Amino acid sequence: MSFASENDVGSSTVHLETSSIVTAPAAVSPLASPSPEETSPQEDSTSRRRISRRSSVHRKVGISRETSLVISSGIVLPPKAIPDVKLIQAISLAESYSGGFSLRQYTPLKIIGKGGFGQVMVARHNLTHQIFAIKTMNKHTLTTQNQVAHTKAERNVLIKCYNHPFIVKLHAAFQTIDHLHMVLEFCPGGELFFHLSKASRFSESQTAFYAAEIFLALDHLHAHAIIYRDLKPENVLLDRDGHVRLADFGLSKENVSERKLAATFCGSAEYISPEVLELADATCDDSAPVLGGYDKGVDLWALGCLIFELLTGLPPFYSGKCRTELYAKIKEGYVDFPPYLSADAKDVVSRLLNPNPRERLGYKDPNELKSHAFFMDKVTDWDKLMAREVMPPMQPPTGEYMNFDDAFTSIPLDKQVLEDMAEFTKRNTMEHQLFDNYNWAPEGGTVPNAS
């Protein structure tokens with residue numbers, strides 16, 4: 001997940017992304033490989049390169065793998081450990097901030113993501129027995145890293161998009177003394193990035209399906225004046241049926257239009273659009289005012305990058321050397337299409353990667369993209385697609401946590417992990433006020449209940 005501080009148009013400050021909670025699948029995928037005539041002799045090396053460039057953070061996770069056990073309260077402690085009264089008191093005290101929610105309403109099962117701002121944990125609700133993903137973030141860290149606005153924006157966007165079929169569902173948001181918690185839909189299929197890494201690349205029909213569902217999610221955001229700004233395979237999850245769920249809205253920006261532009265240099269480097277790079281170049285010159293900005297066109301650019309990556313295994317402007325070279329390639333705009341891609345595939349990518357944001361496919365009218373030849377013979381009914389009546393090209397394996405990296409799932413849910421979530425040693429009333437009105441649940445009660 002990437003974060004950057006938001007600045008209004010006219011700001012001279014540029015903020016680069018920093019690493020936060022990361023989830024990455026592992027194990028095996030039943031996804032069918034492309035047909036023999038579409039394979040490439042360089043696929044093995046391509047797969048190794050793409051895994052290497054994004055998995056270094058996982059190798060830094062060094063947590064003891066001692067066995068743990070679950071006690072009746074739902075708290076997991078190391079073997080032979082005696083429940084800590086102070087820990088129980090800490091959790092109880094934290095409930096006074098949470099608007100009726102409590103971590104004690106859940107039994108923690110597995111950690112599936114961990115990073116600089118917190119962690120993501122799979123948990124079972126003790127009353128409904130339903131499974132959720134609980135994203136927990138440290139208030140103090142968010143405050144010192146200037147992430148308060150982005151954290152609130154993520155919550156707000158998920159509330160606005162509560163019922164969209166291709167956006168991860170927020171079931172509740174609440175805070176304890178030191179932490180924010182979002183109770184999210186658990187997507188057992190893991191990241192699209194995982195399945196792409198195992199398959200090397202997808203066929204054009206598979207790519208069209210995923211790109212179409214992603215576009216419907218993006219179009220919904222744009223219709224509500226929201227830009228996503230962090231589209232990449234790592235942020236596209238698969239539910240148990242194989243449909244996509246757009247996730248991680250920490251970089252999303254609300255109230256963006258042609259007349260009210262965003263002006264922050266943020267996102268994931270390989271998906272950054274040229275207009276964002278131009279904005280960054282302008283802010284580096286203190287003598288020149290920043291007059292530019294960007295809107296939903298950045299998401300269409302990222303969609304073009306994503307389609308290319310799904311079809312080939314790497315982003316269109318990939319550089320194994322340095323970020324400077326990567327940005328130079330993006331500005332140049334040249335895309336080296338492999339010969340096995342169809343003319344329609346090349347055209348849809350080229351039109352999404354138009355250097356002029358307002359000339360990108362789908363910018364003026366979503367039907368421009370829906371009627372493109374690349375989708376016409378593969379997505380025959382967009383209404384059925386929106387209704388989830390089109391069968392996905394693969395169904396994720398049903399084994400327990402098969403689609404998540406054991407670098408995280410092997411972390412024991414010991415006393416320290418839960419103590420980190422419930423601690424109140426850094427209590428700061430000002431930090432609590434910064435997240436005033438954060439608590440939320442859908443109408444109908446205070447206990448989150450999956451549909």
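Glycine too: its Cβ is placed from the backbone N, Cα and C atoms.
Model, not experiment: these values are computed from the prediction.
Taken from TrEMBL, the feature ATP binding site covers K135. Annotation note: K135 (ATP binding site) sits in a strand segment as assigned by DSSP.
Residues annotated as compositional bias 'Low complexity' in TrEMBL: 27-36.
Marked as compositional bias 'Basic residues' by TrEMBL: 48-59.
For 106-375, the entry in TrEMBL reads domain 'Protein kinase'.
Among the features that TrEMBL reports, region 'Disordered' is placed at 27-59.
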Problem set entry | Surrounding CB atoms that lie within 10 Å of the CB of K135 (ATP binding site), all protein chains | 25
Seminar exercise, completed: Model confidence over the domain 'Protein kinase' (106-375), as mean pLDDT, sits at 92
